[in-house]
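Inspection log for the structure reproduced underneath, given as structure tokens.
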Amino acid sequence: MNPEYDYLFKLLLIGDSGVGKSCLLLRFADDTYTESYISTIGVDFKIRTIELDGKTIKLQIWDTAGQERFRTITSSYYRGAHGIIVVYDVTDQESYANVKQWLQEIDRYASENVNKLLVGNKSDLTTKKVVDNTTAKEFADSLGIPFLETSAKNATNVEQAFMTMAAEIKKRMGPGAASGGERPNLKIDSTPVKQAGGGCC
């Protein structure tokens with residue numbers, strides 16, 4: 001039996017409300033951008049299949065609500081995640097300060113060896129930037145995780161962010177995980193899909 005992909009990776013986008021998680025997802029999955037901002041209610045997800053080192057990788061990317069009242073809903077989505085992208089807004093110091101809290105959430109709910117990536121979004125707003133690139137890079141280095149500044153609006157580094165994450169997960173899983181490794185995840189990941197629409201009203 002030959003599946004249409006070699007790997008299935010579940011990724012999460014987390015971070016404060018308004019940092020641009022949904023815009024990053026839209027840019028990567030659909031190559032679109034919208035100025036109209038609507039808060040994600042609970043959880044949304046999109047799928048995109050990529051090629052990496054001759055392998056087909058299906059990325060299932062979950063966009064979680066940043067608001068406090070949805071924390072209990074979204075905590076269950078940490079389970080089974082292979083990679084988590086922590087997003088802050090380079091023009092919002094508070095969203096950067098809260099990265100530490102989001103990392104604590106990962107430690108609390110996600111599997112121990114989950115891959116992490118720190119992303120500073122809205123890099124196109126250069127005149128409003130308050131979080132220094134060097135500061136964020138040093139912080140990410142101290143944690144041993146990759147760091148990128150992105151702009152969903154200009155599509156800067158968006159592709160690179162998701163590709164970096166996919167490459168890191170693939171490297172961690174090793175060649176042995178390719179053919180059979182994703183099948184148990186299919187069972188785990190197929191159940192929340194039904195809840196995504198109705199469970200958050």
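A Cβ is built for glycine as well, from the same backbone N, Cα and C atoms used for every other residue.
Per Swiss-Prot, the range carrying the annotation motif 'Switch 1' out of 14-29, 30-45, 94-109 is 30-45. Taking Swiss-Prot as the reference, the stretch among 65-80, 177-192 described by the feature motif 'Switch 2' is residues 65-80. Taking the C-alpha positions, the distance from Cys23 (GTP binding site) to Asp63 (Mg(2+) binding site) comes to 10 Å. Ser22 (Mg(2+) binding site) has Ala152 as its nearest neighbour among the binding-site residues Glu35, Lys122, Ala152, going by CA to CA distance.
By neighbour count, meaning other C-beta atoms within 10 Å, the densest spot among the binding-site residues Ser17, Ser22 is Ser22.
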